[in-house]
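*Asks:* First the structure, which I've put down as structure tokens, then a few questions once you've had a look.
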Ligand SMILES: Nc1ncnc2c1ncn2[C@@H]1O[C@H](COP(=O)(O)OP(=O)(O)O)[C@@H](O)[C@H]1O
């Protein structure tokens, strides 16, 4: 048996779980291991993760994936990391222990702080420099909250005793035994990086009160950062990308105009805009798509939808209408249409293109006729309509003619949803043979950095269509649905009031 | 006969004969099932006949029928009877087909990448194979999604695997119309039974030009955590790619298909997705 490195591993540190996937040269999956971690809800609107638990899970899934594939780690050419973005951690440089639970991207505790940072200018105060509006979702405000709230932390940060990182940094630090690094895509989600220079922006750092000493070095997404110790001893750690950027890479959306959408807990559309930094006039974010070592960064426009898969989980865990996520399709197929019912899942406000944090979820159009099948269908349609609005915004910002939407993520197993998407968007929807494009992108970027794959064309040649859904409804039906959806969205606006009592999560 | 079994037989007998206007043999079958369910012990024909105060021949006939539909099983040694797997799982919910697709997605994709052929996952639906998942052949040619289509069970590799491993056993074949599609379609009960026996022994099934001329397919069963075949996964394509020069399915392809089936089965054994 040969012992030459013949595979690449990807670690996907996601919102609900961590997984490790081993890929072969064709981009085929050799093995997968996955482990869920706890969601910690200390207060309404607060969502934390235990970073030590996550690291333990990562070690375990890496071991499991290698065991399942019956591989020693010497057969791995490289490992790449992809991660839930914006989730913010500060740890002690000397002991390597987190000083606080990681504050996740969904966490809204920085609501007040974000308003304060906006001052007289408002949420677009830093937008031109970092591409992002002020929102609770990004790392910078979370880091500021930690520095302000955890006693003594600000002083320790000034002295370089504690380190900030998103989950990529945490894993690189743990894997390499102490390298403090992040990649351009993760850094582009902090609000602290300047999009043009790809370096921390001193003016923003000053406003946020964040000392450079606590920040990781920003590196390209595809580059050899160092060599792993421990569970992956000797394997080059050669890529890091935020999950959505990894999916763009895994979908081989390397050309300007290529567009992908990932359907998971939340959903994310990314449009490759090449080397140009496009400022959105329609509520989209400007972000770094990826950067390959020695090359210029590729930028992207992003539209994020907060609640898609999590609405399915809500049906399962809170309403108990289904036993597993997949059963929502079975339930939705018990009816032919939504029965007039629309669900706007603005659980913590609306993201792109609205950015209305005061909105809250509504179920509208209820009549005695509506049953749980209609509700299930409305839940899936909510994902489709939200996608439509983001794509409309992208079209408006770039005059882009969208040929087809490349989809991936856990929800693409849902064939009804895929058909609803094609119907709603009026473009074909294609799913590639590897639905796990997030992991694949991290593997591709890592393999590219060590020469396991020669170039982007070799990766493009690996992309194949696994399934395609064509639009199948008439324009009048689509237009009627769109109108009703917009009315439903309007009903979700202006819900929260100053004197609202905090609601249990 | 012991004291306790006399009492038991009286109870059961009373129930059997006290209900007029019903089908006697069904009630007797039910009584047998109750007895088999009543203790940990397996029972033989003689014990059952004594307990029910029925002729041995009658009990034997009922047991044969129950065995045929998978409601009772005969232990390998000694010929005693116990409740069958089909009965144990009757009432338990079957695996949702959308759940099956969700859990199989990665492996089906990976099978398509490795085999360079189209992949389908099927489950039995009223004597036919319902396609619950379909992955295009990864060559970017024009293909149409066939999820929801029905395939003939006796003429498809997926169908043969599903028939071979189904809990209902042979009784399932009673309902099949063995329609001819090509010169090579198995159209006799005998030929199909033999082939299914082979499928059970080998752990995989194939079809060579039995549904469409020039095409062949290979499939393997997907088992859940209880060992029940909840579906089958297979590849299909042009005979010259799927078969070797002897016209038999390529063994490397067979093992790729079986690997995928095993991986999905393992994934179903896990408690959560
Ligand atoms: N068949 C399905 N139909 C609808 N939703 C699904 C299905 N399978 C998974 N999901 C949803 O997709 C999400 C998981 O997808 P995944 O890509 O693993 O997400 P993440 O990486 O965000 O955790 C969950 O929110 C789950 O509810």
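A Cβ is built for glycine as well, from the same backbone N, Cα and C atoms used for every other residue.
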*Asks:* Do you know which of A:265, A:273, A:367, A:438 TrEMBL groups with A:15, A:16, A:17, A:309, A:313, A:410 in the ATP site?
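*Replies:* Answer per TrEMBL: A:265.
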*Asks:* Determine which of A:137, A:290, A:299, A:342 appears in TrEMBL for the same glycerol site as A:85, A:86, A:243, A:244.
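*Replies:* The one candidate that TrEMBL places in that glycerol site: A:137.
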*Asks:* Please work out the number of neighbouring Cβ atoms within 10 Å of the Cβ of residue A:19 (ADP binding site), leaving out its own Cβ.
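*Replies:* That number is 24.
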*Asks:* So which binding-site residues out of A:15, A:137, A:410 are up against ligand 1, CB under 6 A?
*Replies:* A:15, A:410
*Asks:* Roughly how many angstrom lie between the C-alpha atoms of residue A:309 (ATP binding site) and residue A:414 (ADP binding site)?
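*Replies:* It is 11 Å, counting Cα to Cα.
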*Asks:* Provide the list of binding-site residues among A:17, A:19, A:243, A:309, A:414 whose C-beta sits under 8 Å from chain B at the C-beta level, in sequence order; use 'none' for an empty result.
*Replies:* A:414
*Asks:* Translate the DSSP assignment of residue A:19 (ADP binding site) into the three-state scheme.
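*Replies:* Assignment for residue A:19 (ADP binding site) reads strand.
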*Asks:* Roughly how many Å lie between the Cα atoms of residue A:86 (sn-glycerol 3-phosphate binding site) and residue A:16 (ATP binding site), rounded to a whole value?
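*Replies:* With distance taken Cα to Cα, residue A:16 (ATP binding site) is 14 Å from residue A:86 (sn-glycerol 3-phosphate binding site).
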*Asks:* Could you measure between residue A:243 (sn-glycerol 3-phosphate binding site) and residue A:265 (ATP binding site) for me? Cα positions, answer in whole angstrom.
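*Replies:* That separation, Cα to Cα, works out to 12 Å.
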*Asks:* Sorry to bug you, but what's the C-alpha spacing from residue A:85 (sn-glycerol 3-phosphate binding site) to residue A:16 (ATP binding site), rounded to the closest Å?
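*Replies:* Cα-Cα, rounded: 13 Å.
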